[in-house]
Amino acid sequence: MDLQYFILAFSSIFSILNPFGAVPVFITLTESYPKKERDLVAKKTVIYALAILLAFALFGEWILKFFGISLDAFKIAGGILLLLISLDMVRGQQEAKIHRKEIEAAYEIDEIALMPLATPLLAGPGSITACMVAMAEASDIGDKFLVILAILLSLGITYLTLLSAESVLDRIGRLGIRILTRMMGLILTAIAVQMIVNGIRGALL
């Protein structure tokens, strides 16, 4: 098992999940709920997101093989996708991931937790891609376990953040959330560029 690989996988997945950026949307959707129901929404959101990300992480390689897509091609495409998302984060435009119609259509706890919170806010194209690439690049079973651990840790932190969403917003404010989002976007930009470089190098060699 490679600790450096775990750090890379965790950084990529956690940055794209960006739990702090999810706080304003979570508060908007659950503002009329009592604390107990808000906590239930947070729990179900993370469970749904975990199921989606694990499914693509574990079976993503077979999906690529089924469609005849090489890992290097997927790295390039995935890197470009992550780069576009990260640039939106740096420019403070990540909220475009959630459309107003999706927010207005979400009424019940299960509906809110699944859509738009679990997907596309948390388990969206970017985080799914990050998980699939991290798992596909794992050199052995130990590294694959580290990717799963990175997913669990990232969503664990996300769960704790959503549980204390109002406190987080009060403490760091919307400006603080924007700053954190931009910082995570910068980290993700570097990871995305490296992913593209690795994909091109692998395709040419």
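Including glycine, each Cβ sits where the backbone N, Cα and C put it.
Taken from Swiss-Prot, the feature transmembrane segment applies to 7-27, 49-69, 70-90, 112-132, 145-165, 185-205.
When each of the listed stretches 7-27, 49-69, 112-132, 145-165 is scored by C-beta pairs under 8 angstroms to the transmembrane segment (185-205), 7-27 comes out highest. Remark: the transmembrane segment (145-165) contacts the transmembrane segment (7-27), by the rule of 3 or more CB pairs under 8 A.
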